[in-house]
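S.K.: Below is the structure I would like to discuss, written out as structure tokens.
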Amino acid sequence: MIPPGVILAGGLARRMGGGDKGRLMLGGQSLLSHVITRLRPQVSALALNANGDPARFADLGLPVLPDGVADHPGPLAGVLAGLDWAAVQGASHIVTAAADTPFFPPDLVNRLTRAAEMQGAQIALAATPGPHKVLRHPTFGLWPVALRDDLREALAGGLRKVVLWTDRHGAASAMFPATPFDPFFNVNTPDDLAVAEGMVP
Ligand SMILES: Nc1nc2c(ncn2[C@@H]2O[C@H](COP(=O)(O)OP(=O)(O)OP(=O)(O)O)[C@@H](O)[C@H]2O)c(=O)[nH]1
């Protein structure tokens, strides 16, 4: 079954000076628009995880899911918000993508799903080969609704680092090629945005 998708945009964008990083312009469209264009054809439904006034995203026509956990505990709070939304729809899994990562692969969902199946795992995270070791991209994952209460408890217990939680559950890795550049390049700083301009196809 094709899963619904959730775009993670709930962070504070401190390295960018705050605000909605997804609204920054890149190659004539916003980062969010790049992400929506890539994710929409791969998923059964789409939602945006973001905090603060949801009305500022009304133009996107997407459900806006706030974190249910206070004080910006990190992307796992967005994953949980997505899982709670998917549970209401009767979906078994969601796929997440980060709003600051405009070039992720068009076969993201397919490869995540296959990796979970082939490695007998409930969770799959995207990965690319790095210079010294495999790099995992923990905001790009396939997540099961069945683990949402486990995740809620982990967050309530203070867990913040994504891979600490996914390692507990033996997450699969879905490998993607990283040439000519890593498709999970993400924009954290103004310098990153300038680099990304040079990567726009
Ligand atoms: N829902 C939710 N998402 C978050 C949170 N913190 C980060 N994210 C998302 O996770 C992804 C990676 O975030 P980071 O680069 O660590 O944080 P950021 O807010 O984008 O930027 P910095 O504040 O500069 O670290 C982005 O898509 C963020 O929107 C959070 O507390 N809640």
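From the backbone N, Cα and C atoms, a Cβ is placed for every residue, glycine too.
Keep in mind that TrEMBL annotations are predicted by a computer and have not been checked by a curator.
Positions annotated as GTP binding site by TrEMBL: L8, A9, G10, K21, N49, D67, D100. Here TrEMBL flags D100 as Mg(2+) binding site. Annotation comment: TrEMBL describes 5-164 as domain 'MobA-like NTP transferase'.
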S.K.: Can you tell me how many other Cβ atoms are located within 10 Å of the Cβ belonging to A9 (GTP binding site)?
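M.R.: Summing over all protein chains shown, A9 (GTP binding site) has 24 other Cβ atoms within 10 Å.
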S.K.: Drop a 10 Å sphere on every Cβ of the binding-site residues D67, D100 and tell me which sphere holds the fewest other Cβ atoms.
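M.R.: Candidates: the binding-site residues D67, D100. Fewest Cβ atoms within 10 Å: D67.
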S.K.: Does DSSP put K21 (GTP binding site) in a helix, in a strand, or in coil?
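M.R.: SS state of K21 (GTP binding site) = helix.
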S.K.: Provide the number of Cβ atoms within 10 Å of the Cβ of L8 (GTP binding site), excluding the reference atom itself.
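M.R.: Result for L8 (GTP binding site): 28 other Cβ atoms within 10 Å.
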S.K.: Express in Å, rounded to the nearest integer, the largest CA to CA distance found among the GTP-binding residues L8, A9, G10, K21, N49, D67, D100 named in the record.
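M.R.: Overall maximum Cα spacing for these binding residues reaches 18 Å.
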